[in-house]
Amino acid sequence: MRSKVTGAQRWVVKIGSALLTADGKGLDRTAMGVWVEQMVALHEAGVELVLVSSGAVAAGMSRLGWTARPSAMHELQAAAAIGQMGLVQAWESSFAEHGRHTAQILLTHDDLSDRKRYLNARSTLRALVELKVIPVINENDTVVTDEIRFGDNDTLAALVANLVEADLLVILTDRDGMFDADPRNNPDAQLIYEARADDPALDAVAGGTGGALGRGGMQTKLRAARLAARSGAHTIIVGGRLDRVLDRLKAGERIGTLLSPERGMLAARKQWLAGHLQTRGTLVLDEGAVSALSQGNKSLLPVGVKQVQGGFRRGEMVVCVAPDGREIARGLANYSALEAQKIIGQPSDAIVGVLGYMAEPELVHRDNLILV
């Protein structure tokens, strides 16, 4: 299984706030230099690299002398603006010592939710990788709002892995990996070395929240691994403070937790759909529609929908659930919520008679639908 790591040619490496700022003491330039040295070695070995770096808010807090993470959005954004300057300068100077160029990219959820901007971001990242430049990516915390934020950089890293079609997502954290119990409370906790990303048993052991500086706990890392698996990427969750951690991963050493995809890689458009984390409404299906969608490659017709919840416009993402509330799929609606309310339960040839027009015979076309 570790051969999937040693043979990976395109890596996305995500480094969390606690690691980068020595648990809030300011940017740890020494640690950054050690990781850069290893990333340069990977680069020299032919590995293509994208770095997702947390730490802007934490670095800004340190510069401002704040000891507690603020809850007010404007204060968080001010800290991010201050910290991002130092963060990107630190990465740039450290990579430059080894003759490597870096590029700063700041993203919001809107950038990846809009198909055109998504494709532009993908083209830019691919161009940078081909130029052997190392992109340094962070969420654009200075302009993002709660409604359009990724929520944590683990999720952002997974979406970037999908964006660049990475073979491997490496999440460096302050834990050695995922354990079968909380090692802080249970001395008998055992490291989970390998598992399928979609194994439901992992949910029970991934509980808990992130530290005071960051937003992501082990649950967000598991969610990120599952998202990355949609594009066929393997994910390793591993301790960033382990000696020569990236070198050892490349050598195939059995450290950290390797989470592997169960299914094959999704088509490019469906990878984009998988990254649509924000939904605007819910469609409650009947059992016939649930059965049809579960077989795959089927569109959702109005006749199979029992109820419409929420307010959404045409082209926005909706959740499709079974009568018992289980999420079955997500997709882009061909009709607004108001229009959908009028045509659900009706055969497609009745749409014109109800609305006076027909945009599409399907409520959600199979090309715009992804099973979950």
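Note: Cβ is positioned from N, Cα and C throughout, glycine not excepted.
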Practice task
Quick one: which of Lys14, Lys25, Lys306 does Swiss-Prot put in the ATP site with Thr173, Asp174?
Solution key: Lys14
Handout entry: C-beta crowding around Thr173 (ATP binding site), within 10 angstroms
Key = 26
Practice task
Could you find out if DSSP has Asp174 (ATP binding site) as helix, strand or coil?
Solution key: coil
Exercise for the section: Given the binding-site residues Lys14, Thr173, Asp174, state which is nearest to Asp141 (substrate binding site) when distance is taken between Cα atoms. Expected result: Lys14
Practice task
Compute the C-alpha separation of Thr173 (ATP binding site) from Asn153 (substrate binding site), stating it in Å without decimals.
Solution key: 12
